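Quick notes on the structure that follows.
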Amino acid sequence: MATYHHWTVGQALALFDKPLLELLFEAQQVHRQHFDPRQVQVSTLLSIKTGACPEDCKYCPQSSRYKTGLESERLMQVEQVLESAKKAKAAGSTRFCMGAAWKNPHERDMPYLAKMVEGVKALGMETCMTLGSLSKQQAHRLADAGLDYYNHNLDTSPEFYGSIITTRSYQERLDTLNEVRDAGIKVCSGGIVGLGETVRDRAGLLVQLANLPKPPESVPINMLVKVKGTPLENNAEVDAFEFIRTIAVARIMMPSSYVRLSAGREQMNEQTQAMCFMAGANSIFYGCKLLTTPNPDEDKDLQLFRKLGLNPQQTATSHGDREQQQALTEQLLHGDTAQFYNAAV
């Protein structure tokens, strides 16, 4: 059975304090011990229910408390979701994440959510959902449907958390992660850089994640996307090197986890993204939109992959699907790039 290092905030801060090139070298060494450094997991994120969220997360345009111009939408039909998943798979994604702007899912929606999971799984894709807090029963129902991952971010350190969110406690988030893990679903949990937090808060977030009973299999690191109408719309820009440091420290502290470049990539140039991959990032969201905020379009991602010699990671599927994935990989990396589908529209 794998053993995990118990981290302290002081140890995490010591990593943040390292000279950048030394930190990158250490992170790359750790990355190569656990992953193929040329493989990048490609995921698609679809908003299956948008806006009108009762929570007060200060960074989020989906909160009903802020005037951001976002139009709310009801839960998508199962058939619509599966059609989006099919198109995402055809465009090269191997993992399909479905997000709903809820504090927690209603019982009346659970049968539809289960059908979405079952349908996407039938396509040979990994499944992920982010729906807010889950009860024990809800976690087990999603597990029975075949859900692979559940995303529930901690966002920041326990100390800074109350400055950003008051409608859900930090402990509630930890409780949901425990319910997900106990149900046999893999955990996806990370945070946001640029909320106004200190380096110590970033260290505290990573310590919380790394010291879970088992570290998350997937750790999304977001750069704040400032949205007009939210309380954080005038926050200072995130320094690219500080973001890269956070990726590198996450890689060192959670060596077996996928570290995902999530929201904020639209604000990063190619050089910053390349350094993030060098620092140990090995997963991206692929498509023009992450729920309600911009993301680089697919063509740009594939061009960057070609420049860096990176390959989209393939999932374990049937023989026929493996051949299809290989053909897609060749097409994406070496052929003319077609216009790909934006599943999040």
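Residue positions begin at 1 at the first shown residue.
Keep in mind that glycine also has a Cβ here, set from the backbone N, Cα and C atoms.
In Swiss-Prot this protein carries:
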type: DOMAIN; residues: 38-256; note: domain 'Radical SAM core'
type: BINDING; residues: CYS53, CYS57, CYS60; note: [4Fe-4S] cluster binding site
type: BINDING; residues: CYS97, CYS128, CYS188, ARG260; note: [2Fe-2S] cluster binding site
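Mapped onto this structure are the features recorded in Swiss-Prot.
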{"residue": "CYS57", "record": "[4Fe-4S] cluster binding site", "contacts (Cβ under 8 Å, 6+ apart)": "SER63, ASP155, ILE164, ILE165, THR167"}
{"residue": "CYS97", "record": "[2Fe-2S] cluster binding site", "contacts (Cβ under 8 Å, 6+ apart)": "SER43, THR44, LEU45, LEU46, THR127, CYS128, MET129, THR130, TYR149, ASN151, PHE285"}
{"residue": "CYS188", "record": "[2Fe-2S] cluster binding site", "contacts (Cβ under 8 Å, 6+ apart)": "CYS128, THR130, TYR149, TYR150, ASN151, HIS152, PRO216, GLU217, SER218, VAL219, PRO220"}
{"residue": "ARG260", "record": "[2Fe-2S] cluster binding site", "contacts (Cβ under 8 Å, 6+ apart)": "GLN41, SER43, GLY190, SER218, VAL219, PRO220, ILE221, ALA281, SER283, ILE284, PHE285"}
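Listed in chain order, the residues near the [4Fe-4S] cluster site other than CYS53, CYS57, CYS60 are GLU55, ASP56, TYR59, PRO61, GLN62, SER63, ALA101, each with its Cβ within 8 Å of the site Cβ centroid.
With the fewest other Cβ atoms inside 10 Å of its Cβ, the least crowded of the binding-site residues CYS53, CYS60, CYS128 in this structure is CYS53. Model confidence over the domain 'Radical SAM core' (38-256) stands at 89, taken as the mean pLDDT rounded to a whole number.
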